Amino acid sequence: MAELAKSAVLVSSCTDDLLGDAKQVVVGPNQEDLHSAEAVLNRYSTVGFQASNLARAFSICEMMLTPQSPSPSLMPTEGDQASESPVMVQPTLFVGVTANLFGTGCREAIRFLCTECVPLPNGVEPATPLDDMAGISCDGTGALKPSPCDSRALIHVLVVSGGAMEHDIRRACESYKLSRDGAEEEGEQFHHPVERDRSRSKGTDCHFGNVRYNSSGVASRNLFSCVMRCLVKRLAEAQRKEKANREAAPIPEAYYDVCSWAITPSTLWYMAGLWMADIFTEALQETGEVTDEKVASEEGLKRAKSTVLYWAARNGVPIFSPSLTDGDIMEFILTAGDTGVPLLQLDLVADIHRLNRLAMRSRRTGMMILGGGVVKHHVCNANLMRNGADYAVFLNNAQEFDGSDAGARPGEAVSWGKLRLDSTAVKVYSEVTIVFPLIVVHVFVAWVRMMRSKGKENIRS
C-alpha cells in the first residue's frame, strides 16, 4: 500500500514531448515596448492567460487573410488530373455577431470589414465559386434580388441575430448614449412597477448594459420608425411585383416551390442596403427634419454610408439572420397589415440552405464568432456540412460547465465536426468590445495597409 501511494504521489515530471508546444518563456513588454501600444500587443503571445490567447487570435486572423491551398480533403486525389501549379485560394471568412454588439462601437469595426476592398493577388482565387443558387430574380422594375454572395470585402459572410440590423439603422437615425455605470444612472431607479410604467409611457430611454437609446413605438413619427415603415412598404410592393411575375410565368415541369416569391432575411437586408440612401431621403422629408430635396438627398446618402447594411450590399457581403423574427422589424411587418399593406411572406429555411451551401462550396474557410448563441451555432453548423472549418476565433466570456453553445471551447466543435481535426482555433475569454477592436486594428487594418503598399510598389515597378 505504501508503495502504491508513493508511486501515485511521487510521479516524475512529464517530458518535453508530453508538454507539446509549452516551450515559450513567460515575459511581458519591456520598458521600450511600453512606449508603443503596437509593441505591447506584439508581446502578448508571451504574457500568459488571455493575453496569449488574444495573440493567438491575431495569428489565426492573419492566416485567414493569407492565400493558401484548399483544405486537404478538397485537394485532387491520385486519380484526378492535378493541375501543374497548385491552386491558391483566399479563405472564405464567416463572421457571426450578436445583435447587442451593433449597439456598441463594435459596429464601426464591423463596418470597416464590410467597407474595405483589397483586390486578390494575381493567381489567387476566391475560396467560394460564384453562387449559382436559384433564387428570387427579377428585371429592373424594382422587384426583389437575392444577395449576390460575391464579397469583395475583407469578410465574406455576416451572420447576425435578430435586432442587429435594426440597431444599425437606428444608430444612423440617432445617437446612442452611455450611462455612467451599469443599467441605471444615479437617481433613475424605479422601485415600483407603476413608476416604471409611467416612465416608459413618457418615452424613457431603453437600455442594454450601459448603452441607452430613445424608445419609440411603431406609430411614432421619429426618423427610425419612418425608415422602418418605408422599408416594409417597399418590400411589400417588390414582393407583390415578384408574385405577379411568377404567376404570369409558365409552370415548370418540376414545380416544388409553391411560394418562390417569399423573401429570405438575406434578401431583405440586401434590398435594405440597396435602398438605404433613398429610404433615408424619403424619411427625412416625411419627418420634417429636412425640407429641401437636395439637402435631404445628401443627408440621406451620408446616413446610409454610416451603416453596415449599405456597405455590405455595395460590396457583396450577404447578411444572414436566422432569428430575424426576434428583431424590431417584425413589429413593423405585422402592423403594416393594419394600414392595408400586404403582409410579407418570409422564408427562413431557404437562407439556412444557402448558408450551408456556401460553406460546402468553399475550398477553405475561417470563422470569427463575436458572442454566442444562434450566430455561433449557425456558422459552426454550416461549416459542419464541409467536415469543419480550417480556422476559428471565438470571442466571448461564457463557460462550458453548463453545456451551452456559447461556452463550448474549440475542442467541442472538433468533436462535432464543426472544426477540422487539423484546424487552428482559439477561444478568447473576454467581453467582445474589449478585444474585437484590437483584432481589427492589429490585423485587418495592418493587412489593408500592407496590401495597398505592395500595390503601389508594383505600379512603380
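Each Cβ is built from the backbone N, Cα and C atoms, and glycine gets one as well.
The annotation in Swiss-Prot ties Glu166, His167, Glu331, Gly403, Ser404, Asp405, Glu412, Ala413, Val414, Ser415, Trp416, Gly417, Lys418 to spermidine, and of the candidates under consideration, His207, His377, His378, the one tied to the same site is His377.
With a 10 A radius on its CB, Glu166 (spermidine binding site) counts 21 other CB atoms from all the protein chains. Residues 38, 41, 50, 53-54, 57-58, 61-62, 65, 101, 104-106, 109, 112-113, 116, 118, 154, 368, 370-371, 393-397 of the same chain sit 6 or more residues outside the transmembrane segment (428-448) yet have a Cβ under 8 Å from a Cβ within it.
Over all protein chains present, the Cβ of Glu331 (spermidine binding site) has 15 other Cβ atoms lying within 10 Å. By the criterion of other Cβ atoms within 10 Å of the residue's own Cβ, the least surrounded of the binding-site residues Gly403, Gly417 is Gly403. Non-local neighbourhood of Ser415 (spermidine binding site): empty, since no residue in the same chain at least six residues away has a C-beta under 8 Å from its C-beta.
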